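In what follows, a structure is listed as structure tokens, so that the remarks can point back to it.
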Amino acid sequence: MKFPIYLDYAATTPVEFEVMKEMMNYLTLEGEFGNPASRSHKFGWKAEEAVDIARNQIAELIHADSREIIFTSGATESNNLAIKGIAEFYKKKGNHIITCSTEHKATLDTCRYLENKGFDITYLNPLQNGTINIYELQEKIQKNTILVSIMHVNNEIGVIQDIHKISKICQSNNILFHVDAAQSIGKININLKQLKIDLMSFSAHKIYGPKGIGGLYIRRKPRVRLSAQIHGGGHEKGMRSGTLPVHQIVGMGIAYKIAKIKINSDFNYIKHLRNRLWNGIKNIEEIHLNSNFENTVPHILNVSFNYVEGESLIMALKNLAVSSGSACTSSSLEASYVLRSLGLKDELAHSSIRFSLGRFTTKEEIDYTIQLIHQSINRLRNLSPLWEMFKSGVDMNNVNWTHN
């Protein structure tokens, strides 16, 4: 085994060897390093051809038309382009947008930005299992609602939203529907020919492709319009200017091609490992499962260990690469806003650990992780006066704490 063991695949993934190998062919003088916008010579033609092939590979994974794929720098930019772009283009039609309080910061902060610009944003609170209340969504729709933006799979707890039902509600009310699919693409099957989704954000680095490249699906029929957020040479049909990074796009295409082949085998393999991990730790006293197995991807297992501080546990698990929440917010010492939205008390939210598994995780790594968790929890709790009080029968909910 190689240490530390990587169990943070929801943050990013290692690049597949085949992806890296193909990317190298588009970087140096010996390869096809041209600008795809250079249409007057072979270097540009070859680069453009490579981009077209990758665009098709991406479209095939999600069953879309390749002309509906726009390249961006990643899912964060795609979310910004989708939400701001729709808000600006359709502002004469309405200024109301609906999203969920457990969305990724790329969506929440974009919506807060629009609030400061005069837009009306409704933040749905999730049910206890993390899904949105479909009936509440219907109730919150107004005459001036122009967009609903909901993530497919939550990045902290792995819950899967019913985007099929949501899309039907949006379609029946003539409202555009945007989906953040950064955590679902390549993990569960998505067929955009069957789903009435208007915009979908995704990236490469969550499914064994390079960082710094992503995409936005924009439906052609019926046509969805949006305002560009980056202006310049009019690349990507005028929706996202900037010279295309051919090597990254090629890498993304290969990663999506591999994902199409391995999606089902990956799912079953990772589910087996997730179950092995949970079965190995579920009998630990005062452990709380924050990921509902019935409606989540197996790639993410979020648990809380009561009377153990999450940051302390992460330091104790120094041979494991895990996180206490989203990689984008794990530097904050505040309790996870996602877990608090589910109704968890701060104590449990603070003691949460996200284990995220991937294609290269092994059974031996899971078994080592189980052993290390048991040892670390026992050691930390033996040092905790709160654990001692709990074991002595003190009702912790009735303790009157004095704050200095």
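Glycine is treated like the rest: Cβ placed from N, Cα and C.
As annotated by Swiss-Prot, active site, cysteine persulfide intermediate applies to Cys328, with the evidence given as sequence analysis.
Annotated pyridoxal 5'-phosphate binding site per Swiss-Prot: Ala75, Thr76, Asn155, Gln183, Ser203, Ala204, His205, Thr243, in sequence order. Cβ neighbour count for Asn155 (pyridoxal 5'-phosphate binding site) (all protein chains, 10 Å cutoff from its Cβ): 26.
Annotated [2Fe-2S] cluster binding site per Swiss-Prot: Cys328, in sequence order.
What Swiss-Prot lists as N6-(pyridoxal phosphate)lysine is Lys206. A C-beta separation below 8 Å, combined with a sequence spacing of at least six in one chain, links Lys206 (N6-(pyridoxal phosphate)lysine) to Ala10, Thr12, Thr13, Ala75, Ala182, Gln183, Ile185, Gly186. Lys206 (N6-(pyridoxal phosphate)lysine) falls within a helix when secondary structure is assigned with DSSP.
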Binding-site residues listed as Thr76, Gln183, Ser203, least Cβ neighbours within 10 Å: Thr76
Pairwise C-alpha maximum, in angstrom, for the residues (Ala75, Thr76, Asn155, Gln183, Ser203, Ala204, His205, Thr243) that bind pyridoxal 5'-phosphate according to the record: 30
